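According to TrEMBL:
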DOMAIN    135-250  domain 'PLAT'
DOMAIN    259-375  domain 'PLAT'
DOMAIN    388-503  domain 'PLAT'
DOMAIN    509-631  domain 'PLAT'
DOMAIN    642-755  domain 'PLAT'
DOMAIN    765-886  domain 'PLAT'
DOMAIN    1046-1171  domain 'PLAT'
DOMAIN    1195-1313  domain 'PLAT'
DOMAIN    1315-1433  domain 'PLAT'
DOMAIN    1446-1561  domain 'PLAT'
DOMAIN    1574-1692  domain 'PLAT'
DOMAIN    1705-1827  domain 'PLAT'
SIGNAL    1-21  signal peptide
Amino acid sequence: MYYNMANTALILSSLLYVSVYEVVTITGDVKGAGTDANVFVTLFGDFGVTPKVHLASKYADFMSRYGGCLPRIEHDNTGMNASWFLDRVVVTDMNRPHLRFYFACSNWLSREEGDNLFVRDLLGSMNPMDVPKLNKYIVSVFTADMKGSGTDADVFLNIFGETGDTGERRLDSDKDNFERGSEDKFTIEAPNLGRLRKITIGHNNRGSSAGWFLDKVVIDDMGNKEVYEFPVNRWFAMDECDGKIQRDVLVGSMQPMGIIYNVQVMTGDVRGAGTNSKIHMVMHGAKGIKNSGKVFLEGGAFERALIDIFNVEICELISPLSRVTIGHDNGAVGAGWYCEKVVIYCPFTGIEQTFPCGKWLDEDEGDGLIERELYEMVSLRQKKQKKYPWSLWIWTSDVKGAGTDAQVFLQIYGEKGKSDEIKLENNSDSFEQAQLDKFMIEMPDIGKLLKLRIWHEKRHPFSGWHLARVTLLKTLTMEKYSFQCGRWLDINEDDNEIVRDVCFPFSVIKYRVTICTGNVSGSGTDASVFLNVIGDLGDTGERLMIMSKNNVNKFEKGNHDEFLIESVSLGQVRRVRVGHDGRGGGCGWFLDKVMVREEGQPESMAIEFPCFSHRWLCKDEADGKVEVEIYPSEVLEIEKLINYEVTVVTGDRRCAGTNANVFCQMYGDEGKTEVLSLQSRSNNFERGTTEIFKMEAQDVGKIYKIRIYHDGKGVGDGWFLESVDIKRLTMTFTFPCNRWLARDEEDGEIVVELLTEDNEDLEVNSYEVHVFTGTMFGAGTDANVYINVYGETGDTGERRLRKSNNLNKFEKGQVSFVSDIFNITAVDLGILKKLRIRQDNSQASAGWFLDRVEIVDNKDDTTYFFPCKRWLAIDEDDGQLARELVPVDEAFMRKGDDDEEDSEATLGLEQKAMSTTYTVRIKTGDKKYAGTDANCFMTLYGTKDDTGIINLKASKTHRNKFERGMIDEFTVEAVDIGPLKKLRIGHDNCGSAGWFLDWVEIDAPSLGQKLRFPCGRWLDKGEDDGAIVRDLFPNALQTELYTPFVPYEIKTFTSDVFGAGTDADVFIALYGRDAVCTQQKSLCVNKRERIMYFERGAEDMFIVELEDVGDVIEKIRIGHDNRGVNPGWHLDRVEIRRLLRKGKGSETVIFPCECWLAKSEDDGETVRELVPSDIITEKLSRDGNLKVTEVEVEDALEISVMTGDVYGGGTDANVFLTIYGDLGDTGERKLSKSETNSNKFERGSEDKFTIEAVDLGQVFKIKIRHDNSLVSPDWYLDQVEVLDEDTEEVFLFLCERWLSRKREDRLSSPSCAVIPYHVTICTGLERDASTTSRAFVIIIGANHTQTERLWLDLPDGVQGFEAGSLESFKSHGSDVGEIKKVELGHDGATPESCWLVDELSVAVPTKGVKYIFACKCWLAKDRGDGLTSRVFNVLDAEAISISKQIIYEVTVVTGDVQNAGTDTLIYMSVFGANGSTEEMLLQKNEDRFERGQEDTFNMEIDDIAPLRKMRLRIDGSGSRPDWFLDQVIMRNLTTEEVSVFTYEDWLSRLHGPKRTMICEMAAVVDEEMMVELTTYTIQVKTSDCAGAGTDANVWIIIFGENGDTGTLALKECNKSNKFERKQVDTFRFSDILSMGDLSKVRVWHDNSGPAPGWHLDYIDVKDEIMDKTFRFPCDRWLAKNDDDGQIMRELACANNDYLDLNEKTKYEICVTTGDTDEAETKENAWIVLEGRKGRSKEFVMENSSKKKRFLRGNVDRFEFSSKNLGDIAGICLGHTPKDGKKVKGEIYWYVEEVVVTERELGNKYFFACKALIPLSPKRDDFLTFECTKTLESFASKARSLVPVKYEIIVITGDEKGAGTDANVFITIYGSNGDSGRRQLRQKFRNLFEREQTDRFLLEMLDMGELQKVRVEHDNSGLSPGWLLDRVEVTNTANGVTTIFLCGKWLDTKRADGQIFRVLYPKY
């Protein structure tokens, strides 16, 4: 008797070419044979090794591509009764069921029974009676003959050979094993491993004396008659040698050859996560062929939330790993363990891999497993620097006291660099006298080794060490280096050194180093000083300066201490690093210099390293550094900031000192420093003193001038400065001064610029600054004014304009301008470039209108003109208090002198063009107390300069600035500061100061750039880090680039008529040629400006930056929004001036208007289009004069527009026209006022218009359009005539077509390179998980192809990605081929824009695949790793097969009859030869499905072609529920096949003859109707049994090869009382599209009436066109209280059971040869078919001379007879010579595809070969191909329709509120169709509760391979929301279980609000 344990039927599958195996285990019939343990199987095959698969789980998720034929079976020894007697294992290839392998065992898998093995390798045969024999290996283990060498621990051995390994075997026998000096023999049976390569041997460290010294292992291979010796001679002990208890040993090798893997094991942070069990691990290489063997991770804590780190050494390079097995022995009290993840780093490959686990390894938790297979998360793979393994052997000398207990360090130098410092682990017995110590180290590739440096810590009392030699062996290449030393490393021996440089090819030399301490008070030090000398060939390393050769007390004031350093030659010495440890009482040290020379050289040869002309190395002096790197004389630039020493000498005069704050700025050849404050702790700048200041600043090169000044604060602020000395590295610059800096001395200046005393090129110059204040009211200011003048050689620095020629400065000019004159003394600036002028907004009347500034260079007598004509005021103009001005030519300034009416030159445009205007938008955060009342300021930093401090006073948007949640806008102008790199923003902490700044956005139109500077932090001394000033940097993701704008000067002239002015918002747009236009721009930015401008008779000027419209402005559109008190506006004209592209000058275009823009005046228009009348050009000639030319624009065109005489041909929309000539175009003009008709564009009418334009030359085309506005926008345009009035030429343009979105609308086919991507994102539930940022995905394919950034824009009303939400998006992007990676990110950069993504899925319907990424990661600047975008590898995703879809272009034509249009919901289903689609909603999109309209759009439809028919249904909702459908046209964009479906009738309850809301239409393809109309006669026979009749309402659906009929109600019958006992009821349905041959019917009733139960005998369906009757037998109850309780049955057609498939059949084979020259062949080919039922004989495909086959690009057909093989799973394809002779050379035949068709049923099997078949006379030389696609015929499907019971298991999630009270329904979809909507119900049971498993049994016709399920509920009950975990569907006929994972809510209030889910199978 057998315990048939076939419950372990294992289905192994994959998306690719995968073998599917069924594994059946048969337990023996002996007492206690069964087991409670977890059983696992591993298959070994020709192509690799499968992972270990748990046989307790019948739906194990597993893929096998290994051709598995040899299993290893084992269990984990858990449970009450772990022992198991296994009789045999049977493995069946499910793709070829005739291939069945039998593996005999007949043995125990037990620790207590038999041979105590619970892991067995089995050999198999296809003959169940064969018992293959295993190979025997005799293992001899030799324990060394030394004290304590034996062990009581359990010893394990794994033998590795060419073809695999034995697995871990415990070496145990009856006697006491592994005793001192003993030899122990063991016999191991295993499959033949071929030649042995290595063994892994070790023990588990158990027992009282576990340590073991193993001498060697000898293995006698009995089968192959070979003996292998594995010498070891090492300890296996935790407290001996290197502490290892397991080792890899190669055959005959004594050299350590291991590769070290760094393993990090993280225990989870859950309660009870830690374990006391012994943890083991196996690392598997590619395809699992190589592995590490079981590695015990000894010494780890494995406690909760801890990471344990191990260095695992194995003699195999298996990185990158394919998987990791980790488990434990379950042997401790707290055995259960929660493993979070394992991270493994291989230094040799530089690859770090992460293997997530996140599960219990506990027999009492989860699935009870204590060992798991972990797979890599590829997205987390990191590539690091490669390191190579080296063997390091160190010999300690055999002299007395030679050993050391100190810690030893090593550093190795090579030709390509040096290693890191390597710490050599010093156990208690390392580095003993006359001892050899062995280490394994890792180093990067440093080339050929040159030297090594070895040292130790001297602190140990027994630290002295005599080193004999060091040997290094590169284990991979066997390169060997020996370094002889033979010296002491001891402070009391030899030369007292504890550091030795030992060289390989070079000699060691000594360097004499002299360290000079400065001769100043307190300059000495008691600290430990170190020195590192650095040369071309390396460095000495840091050496402690211990033994001075000339002074006992080192480093005292004025000392010169000498030291000897022994080192390998350094080549040319380049620099010295010197410092101290800062310890001791007087640790501060003043270093003077260091001198280095080789021993034996004279002192004159020493290289001197001055320490910046004296330098403190002290934490409390200068910059606080205690370490410095110094250079000989000329210094290399090693960093941007260098040290300066500034010496300031105050004169010895009465009151010469100052208490003010002193500042300095230096100018050099390479730039200027920032302003430096000269201050220290002492009382500075006293009379006659010299102060030295040490500071770091930017390296400006050779200094040519400085500016020094003070702020005038303090009691005695006047200061007499004598001189300034600046020392920069080795150079000193002296700046004599000898003058007062005092307001009451000399010239009253407190700023002075100084030149060096040896300066010859530059001199001090004086500049006369004339400041002209404007003449308008309030132009003057009482504020302080500051100016900074920039020239070619620097700038003056900011100077306050104090002493003017006028007592009251900056007052309003009267009749003429009055200037204030100031003198500025500065070093000559050369040619002036710009100036920056500002006022500080102090005093009551701060606003200031600056007309211009003129600067006279007194040296050259040159005058520079800086026009301004702008306000510097917070409440005027743009609110700026500072302006940057650039000089213009004098001719432009004087151009109005001759014309008294225009005496003022307006040069704002020139200034605008030379400057950059920044629009700054500042967002205050939406937090409590986020706003501030403090004074805010900002500085913009460019690559060339900065703007200086900008006071943010005048917000454009809010009077009360910086309030919570508000965005304030400011304008900043700057000249040539370069691209922005950062900004600094802050406030002065006044008032309610705390401020939460969200972001700053800066738009620079002239640069075409908008930058976002995220902040998201407090500027508050009491919040965050307390900073009130922050530096912000642009976020690249949020940077917008566009075409740069250009400046335009726009003047508007309001007419001088009553009421001409306006308060409305005036806007303008400019139009150029080729339809180029600017955006619409408002001329005023706020209400205050709107009130101020556009007054009666006013001339208003605006300088705006807009898009460049080209050289010609064809027209402008100007208007207003008709708001305000007096919106009406009478505009006289508009003048637009812009700069010339070439040369200096400008062009002014005049646009006359002279009419109202008012609703109540003229024609009521508030927007006008104006064309130019005159163009005035001003250009600067070479003689300096301004040349003015004026051109009058005259060209009129007469336009005649003819509207067609067709019904509905006229339009009410606005019409626009563009005329193109060879000299340009008119720009788009609105045809507003017809000269012939008041109501223009009416049916059959002609409308005439006149437009003015520049000369177009020969007119060659027009563009005419309308804006689709108003009630009847559709327009039938007949023709347009254009008459040029000057030349009297007429140009005729015929149209004769509709301009309509609804008629003749043919959308161009989308590029085949663009496909849809469906993206779903699930946001996590943690705090702050949500985000309002804009998300995106990038799809990445092979070869770095990727889509553009696909933005995932949320629908209107959705604020962001809320916590727990599920959002779905459909995006279109380029087809990247096979997807490799997906990048997900968002544009938020502030801390508040964090986002926790739980899950991401990307579906590609056109490829039939969906990837689900379990993300569970933060995308945030301040969470996790700080990334806001992350790349996910599809190897980490769960790949799911979904229905492949094709893109169709669908055109829906609505009839042209009254009220034909609709706003109801329209649903479409399409039926094809290969299936049908679900119902799809046709989106209304506002204007679709209207009368007479053709609507074209794209849809994704299942690949069911060729199409047969279509079903359309409306639901009758909406205000216009009726619809007149004309036809539907579908075009397959892949094949271009067009199918037309014509209806031409109403879908309506009220209209039309049919009064139906559903219709079916046959497809017409190439004028052939695919389906005919027929009449179905249905006869229903009720059974002859008690209570068989029913009173319920009955419905039926008939299924056939053309789809289904839809639901048919069985109402109208030949009998009045239907469905009575033993009665036959007949129903007729006419005008139904024929289904062709029928396959099944679905019949059900509604369970209504007093006696609803019904016993149905059969149903007959007659197709009158085919004259054929189909019978569907039933003989079952449809009753809730009888049979199985189902009231729906599917009945298979009885007509189909007539084929005998056991007989012979015919196969048609179509072979496609590749389309290349080398593809074809003249030889024969042969093929073998492999089916599920068997294998065919060899079919020869002959290639005769008469009928040539296999030519390039040909498709050749062959037909063969064979026994029926079942479904074809694979083919073998060979290529053989005709005559059977030997083949000379290599000849190939390239096969593209093979298609096999079984002729009886018509099933087709496709094989995508795309391979070269080699020519060979041997019959075993062939290629095998798997089936890639199957097309099952209708006949085949119909035959397989037999009743099958399906077990449906529904598992509800484990969260609060997860259960539901609603009614649940399921629809199952398979390759044979769908099940229909079935309710899941059971009597007397509360279903679908939290964490509950509910089972249901439903009978259906065989569904075939399951493709998807749809689960839904009706949202009824008190708590309808439901968390569905998963659904499992089992076909009880074949035992195949399909898993459908969900893990989502079906709840209107959670996730995406859906109450249905479509689930796909998990493979």
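Heads up, the Cβ atoms here are built off N, Cα and C, so glycines get one too.
DSSP places the residues of the domain 'PLAT' (1195-1313) in helix, strand and coil in these numbers: 0 helix, 55 strand, 64 coil. DSSP states for the domain 'PLAT' (509-631), grouped as helix (H, G, I), strand (E, B) and coil, give 3 helix, 62 strand, 58 coil. A contact links the domain 'PLAT' (1446-1561) to the domain 'PLAT' (1195-1313), because at least 3 Cβ pairs that are 6 or more residues apart lie under 8 A.
The stretch with the most CB contacts under 8 Å to the domain 'PLAT' (135-250), chosen from 259-375, 509-631, 765-886, 1195-1313, is 259-375. If you average pLDDT over the domain 'PLAT' (388-503) in this model, you get 84.
Contact counts against the domain 'PLAT' (1046-1171), taken as Cβ pairs under 8 Å, peak for 1195-1313 among the stretches 765-886, 1195-1313, 1315-1433. Secondary structure counts, DSSP: the domain 'PLAT' (259-375) has 3 helix, 57 strand, 57 coil. Residue counts for the domain 'PLAT' (1446-1561) under DSSP, helix first, then strand, then coil, are 0 helix, 62 strand, 54 coil.
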